[in-house]
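Undergrad: Below: one structure in C-alpha cells.
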Amino acid sequence: MESQDLQRKLGFWAVLAISIGTTVGSGIFVSVGEVAKAAGTPWLTVLAFVIGGLIVIPQMCVYAELSTAYPENGADYIYLKNAGSRPLAFLSGWASFWANDAPSLSIMALAIVSNLGFLIPLDPLSGKLVATGLILAFMLLHLRSVEGGATFQTLITIAKIIPFVIVIGIGIFWLKGDNFVVVESAATTSAAAGFMALLAGISATSWSYTGMASICYMTGEIKNPGKTMPRALIGSCLLVLVLYSLLAMVISG
C-alpha cells in the first residue's frame, strides 16, 4: 500500500449513506430492550441513547482528522503505518480481517438466510450455500463498479431507515407522558442509584453506534475528502443519534 491509484467517485451523500447503513440495523430493536432493562425507566433510556451518541462524536472527530490527513484507503492500517509502526499496522489489518470482517459477514449472511427461512424453508446445507452465494454476489457487485456499489448501499440504507420512520411516526401518537415523569423507583430512589442506572444504559448503547467509521477504509475513493469526511462522519453520528433516541422514546414510552 505504498501508493494508491484510485479514482475518487464517491460524493457526500453516498458516503453518508454508507456510514449510516453500516451502523443502523434491525439489532437496534433488541438494543432498546437491553438499554431499557439496564436504565430502568423510559426517560433514562432515552437519555442513555443521547449521551451514548454524544460520546461517539469525539471519536468521529478523530477519524475525520486522520482521514483528511491521510486520504487513502486502509483506515487503521494507514494511520498506524504513518504513526511509525509497520508491524502494528500489519497486525491491525489482519486482526480486523480475521476477528471482525469475516465473522461479521458470515453472521449477517446467515441471519438473512434465517429470516428467508420463514418464506422459503431451507435445510442447513442449502442455507449455508445461499449465505455463501449472497456474500459472493455482493462482493461482485462492489468489485464491478464503485458507483454501482454506492448506489446499491444508498438504496439499502433508505430501505433500512423507512421501517424506523414508520415505527416512530406511528408510535409517537401512542406515547404516554406519564412514562417520562421522574418517579420513585429502584433506579431513581437516590442520585447514586439513578447515576449507576444511567451508566449501565449508556454502556448498553455502545454496540448500537459502531460502524460509522467504516467509510475511512475507502477514503482514497471519496471526492474532496477534506470536506466530505468530517461532514459525513459527524453528520451520520448526529442523524443516527436522533433516530435512535426517537425510536427509544416511542418503544419505551
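First residue shown is number 1, and so on along the chain.
Here the Cβ of each residue, glycine as well, is placed from N, Cα and C on the backbone.
The annotation transmembrane segment is assigned in TrEMBL to 12-32, 44-66, 125-143, 155-175, 195-220, 232-251.
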Undergrad: So what's near the transmembrane segment (44-66) in sequence-distant terms, Cβ-Cβ under 8 Å and 6+ beyond its ends?
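TA: Residues 32, 35-36, 38, 79, 180, 187-188, 194, 197-198, 201-202, 204-206, 208-209, 212-213, 216, 229-230, 233-234, 236-238, 240-241, 244-245, 248-249, 252-253.
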Undergrad: If you count Cβ pairs under 8 Å, which stretch among 12-32, 155-175, 232-251 touches the transmembrane segment (195-220) the most?
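TA: When the Cβ pairs under 8 Å are tallied, 12-32 comes out ahead.
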